[in-house]
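Q: Submitted below is the structure of interest, expressed as structure tokens.
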Amino acid sequence: MSGAGAPTFTPDPAAASGLNVAIVAAQWHTEIMDGLIAGAQAAAADLGLEPVLVRVPGTVELTVAAARLAERFDVVVVLGVVVRGDTPHFDYVCQSVTQGVTEVSVRTGVPVGFGVLTVDTEQQARDRAGLPGSREDKGREALEAAVLTELALRRAGA
């Protein structure tokens, strides 16, 4: 979700009660990742949820971790940062992670919140990481979006 025109919503803690949530976070860009993780964990705490945090080396590893965790969790959230460099590596990583996470969600039926920042500069990532002075909190948004999706599917009987 983009900051401009983003919907305003908050999941209902009573409806979210008992959801098993996993947060998978890459380790690159420590300060930014700390902000994303804190935002996702705060959103979970606001809902009375205690997510399991799994750390993986990099953003590419988020996909396999999400696939395995989707076997036993109701909601999975992936968090990472990919900053554009001078080589096509950025494009390969962003495409593979986006496709992989989407495939995990569609194949398993488990909502996977996408909190992977794909940015041109580290400052753009900091602006979205929920750090002091940030304009956005993509960690919180990713967790809330995944929880809201799971709740909508349950209401629909899916």
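The backbone N, Cα and C atoms fix where each Cβ goes, glycine too.
Take a look at what Swiss-Prot says about it:
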ACT_SITE  H89  active site, proton donor
BINDING   W28, T59, V60, E61, V81, V82, V83, F114  5-amino-6-(D-ribitylamino)uracil binding site
BINDING   D86, T87, R128  (2S)-2-hydroxy-3-oxobutyl phosphate binding site
Q: Let's check the environment of V82 (5-amino-6-(D-ribitylamino)uracil binding site): how many other CB atoms sit within 10 Å of its CB?
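A: The answer is 23 other Cβ atoms.
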Q: Here the binding-site residues are W28, F114; which one has the lowest number of other Cβ atoms no more than 10 Å from its Cβ?
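A: Comparing Cβ neighbours within 10 Å for the binding-site residues W28, F114, W28 has the fewest.
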Q: Which whole-number value in Å describes the distance between the Cα atoms of T59 (5-amino-6-(D-ribitylamino)uracil binding site) and T87 ((2S)-2-hydroxy-3-oxobutyl phosphate binding site)?
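A: Cα-Cα, rounded: 17 Å.
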Q: For the 5-amino-6-(D-ribitylamino)uracil site as recorded (W28, T59, V60, E61, V81, V82, V83, F114), determine the largest distance between any two Cα atoms, in Å, rounded to the nearest integer.
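A: Overall maximum Cα spacing for these binding residues reaches 17 Å.
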Q: Taking each of the binding-site residues E61, D86 in turn and counting other Cβ atoms within 10 Å of its Cβ, which one has the fewest?
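A: Result for the binding-site residues E61, D86: minimum number of other Cβ atoms within 10 Å at D86.
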Q: Counting Cβ atoms within 10 Å across all protein chains shown, which of the binding-site residues T59, T87 comes out on top?
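A: Highest number of other Cβ atoms within 10 Å: T59.
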Q: Quick one: pull the CA-CA distance for E61 (5-amino-6-(D-ribitylamino)uracil binding site) versus R128 ((2S)-2-hydroxy-3-oxobutyl phosphate binding site), whole Å only.
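A: Computed Cα spacing between E61 (5-amino-6-(D-ribitylamino)uracil binding site) and R128 ((2S)-2-hydroxy-3-oxobutyl phosphate binding site) is 22 Å.
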Q: When the number of other CB atoms within 10 A of each residue's CB is tallied over all shown chains, which of the binding-site residues V60, V81, V83 has the maximum?
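A: Highest number of other Cβ atoms within 10 Å: V81.
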Q: Counting only residues 6+ away in sequence within the same chain, which have a CB under 8 Å from the CB of H89 (active site, proton donor)?
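A: When sequence neighbours closer than 6 are ignored, H89 (active site, proton donor) has nothing within Cβ distance under 8 Å.
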Q: Roughly how many angstrom lie between the C-alpha atoms of V82 (5-amino-6-(D-ribitylamino)uracil binding site) and R128 ((2S)-2-hydroxy-3-oxobutyl phosphate binding site)?
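A: Cα-Cα, rounded: 13 Å.
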